[in-house]
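Feature list (source: Swiss-Prot):
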- ASP8, ASP144: Mg(2+) 1 binding site (BINDING)
- ASP8: active site (ACT_SITE)
- GLU72: Mg(2+) 2 binding site (BINDING)
- GLU72: active site (ACT_SITE)
- ASP144: active site (ACT_SITE)
Amino acid sequence: MAIILGIDPGSRLTGYGVIEQRGRQLNYLGSGCIKVIGTTKEPLTLAEKLRRIHDSVSELITQFKPNEFAIEQVFMAKNPDSALKLGQARGAAIVAAACAELPVAEYSARQIKQSVVGNGGAEKSQVQHMVMALLNLQRCPQEDAADALAVALCHAHSSQNLIKMAGAARKTVRGRLR
């Protein structure tokens, strides 16, 4: 059994999704968004935003007790400043996982969409639909939470494939599968 915490990092909203994997069965445990937005009068500094992401992810780890952690990789944004902030948000979440001694897996947006929808160029609405279908959800989660659940699902699918390959390798005798 694995409990997987998936993270969709962001400098304003960081999505999280937690699933349980028992063999081929996937169960929804929780999802939501970490809001790192201050007020108009008192905006948060970058350091405060990063601390809030780190502390919130640490709390999620304490609450759900995952044994695996997966996060979306940084994509090259048109605005280099946005890509840097996204990378820093990822770093804050990864440090929280590292402090809890969780293995960290990283997936590109294309890998996640391919794994969940079957099309690496899928639209966000398609990802949300498949997340709902795969986890038997009655309501559509927030966009960032759905993306984080997709990260967790991608990791679950990847680990299932690795287990299959490892099992097949053990069954190989002189180049033949049994």
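Each residue, glycine too, has its Cβ placed from N, Cα and C.
Note that the structure is predicted; figures quoted are calculated from it, not measured.
Annotated pair GLU72 (Mg(2+) 2 binding site) and ASP8 (Mg(2+) 1 binding site), C-alpha to C-alpha distance, rounded: 6 Å.
When the binding-site residues ASP8, GLU72, ASP144 are scored by other C-beta atoms within 10 Å, ASP8 scores highest. Taken residue by residue with DSSP, ASP8 (Mg(2+) 1 binding site) is part of a strand.
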